[in-house]
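Annotated features in Swiss-Prot:
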- Cys441, Cys447, Cys487, Cys491: [4Fe-4S] cluster binding site (BINDING)
- Cys491: siroheme binding site (BINDING)
Amino acid sequence: MTFSIENNKQVVLGEELGKLSDNERLKTQSNFLRGTIEQDLQDRITGGFTADNFQLIRFHGMYQQDDRDIRNERAKQKLEPLHNVMLRARMPGGIITPKQWLAIDKFATEHSLYGSIRLTTRQTFQFHGVLKPNIKLMHQTLNSIGIDSIATAGDVNRNVLCTTNPVESELHQEAYEWAKKISEHLLPKTKAYAEIWLDGEKVETTEDDEPILGKTYLPRKFKTTVVIPPQNDVDVHANDLNFVAIAEKGKLIGFNVLVGGGLAMTHGDTSTYPRRADDFGYIPLEKTLDVAAAVVTTQRDWGNRSNRKNAKTKYTLDRVGTDVFKAEVEKRAGIKFEVSRPYEFTERGDRIGWVEGIDGKHHLTLFIENGRLLDYPGKPLKTGVAEIAKIHKGDFRMTANQNLIVAGVSKSNKAKIEKLAREHGLMDEGVSEQRKNAMACVAFPTCPLAMAEAERFLPQFVTDVEGILDKHGLDKEDNIILRVTGCPNGCGRAMLAEIGLVGKAPGRYNLHLGGNRGGTRVPKMYKENITDKQILEEIDQLVGRWANERLPNECFGDFTVRVGIIEEVIISKRDFYA
């Protein structure tokens, strides 16, 4: 036995990791994720959930939040915070039909505090500001259109991402089908979701079984992608498990498997760090689900259940050794990884505007700044997408860059859809390449973990950066992958950007430099805890040097490493804080 839990302590490969964290107690006592959520739903005295259920609802795809803009004012009035939930839907590969879209649009308008639909870096949508009396209605509305939110949060395999490649339609369809299969294979098997939210028939707990995830589920969240090179729109190095599509003559034949990526860290704790995924090798298609389960169960058994800050797969690999972890996966899956097939990641951005697929269908990628679909003055974006949904015969594809593709448009419908998009501000040639390559997480006012602004901060910040690029005579193609995340948990994927800002306190950020265009290098901290004004001053100086000293076609991140402005991070555990 390579692992054991005795006397509330965890031992892995002979090493005692310590006393189990309280989250392990919570999961053990939850009766396969049921807890006392149903009782909490009946309690109308508070808008929130009790301590254990506050954590357990995450496994059902929700986070308890409140409006931090009004928290202090409510406290003065002797009121509890305005508790509500954010829901993240499970949409493997980000594909949603027009009928489904119209239903989620209606729910967001009628039953959420903010009336918005938020496209996220997890290639799905979120509802924000849903009050307790509307939570069950939300789940039942989604269920009626074939959507759920099972395992989009919590210590489970989360929404499976897939490259949105509308041009190579057949290859994308194959990759998407695998994303769906992986999602279903790794999904929790408990009936708790149906019982609580869909008024499903109660079953005896002895019928529950979790053959892959186990009774206490995973040590920490787990993220999986299917990616089609050379596009790295899903950011493989932000994820625990990645299947890199290998094709011959446009047909999918197998995957290279990358394991152990992840971006979250904790300020001031050098045992935490962002990390690139390791390439385990190539597998044929028929071994995909076996390998997925083997990686997940190895992490289930070997991951740190004592210290949640060191519980993710990336730390397990660094603790036990990549070769040891890989050998265990091979043993459990009954395979030997072959040598990786050649591939390269060159870009991550979405191709905004129209493209024609090899199947003759047209696809329109709409740039949605920060993924927030709402009706703004003069730009009724949310209404615009709903109007398109009313006439669109194909599907919509949410991207991991928080944009939206109107996919599978016939030639006869193309002009009508473009007209609607332009009328509602969804197509705008005035949007710069720099803005298209910038991204932020939600942060304030709804995220309880945010230390600084991100989504509300980014638009003006990008305008300021655009001014700096213009000042130094750079062309519109000379843009920088720029990302802002409101806290070190990394939802905005700033730790794979050429310029990454990580929130430290209100109005203050850590400035990281040195990522690259393809998302294959972790940036390093350049300045700590500085204001946005100071950040812009630093960027001004750095961009000035880049404009004058760069090599032909040298991107900003590569330049900062080459000239020694920042040291390259090769092995994160060794280099990130060095």
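Every residue gets a Cβ built from N, Cα and C, even glycine.
The structure, with features from Swiss-Prot marked on it.
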residue : record                        : DSSP class
Cys441  : [4Fe-4S] cluster binding site : coil
Cys447  : [4Fe-4S] cluster binding site : coil
Cys487  : [4Fe-4S] cluster binding site : coil
Other CB atoms, at most 10 A from the CB of Cys447 ([4Fe-4S] cluster binding site): 21
Residues flanking the [4Fe-4S] cluster site, with Cβ no more than 8 Å from the Cβ centroid of Cys441, Cys447, Cys487, Cys491 and excluding those residues themselves: Val442, Ala443, Leu449, Ala450, Ala454, Thr485, Gly486, Asn489, Gly490, Gly492, Gly503
Among Cys441, Cys487, Cys491, which are binding-site residues, the residue with the most C-beta atoms within 10 angstroms of its C-beta: Cys441
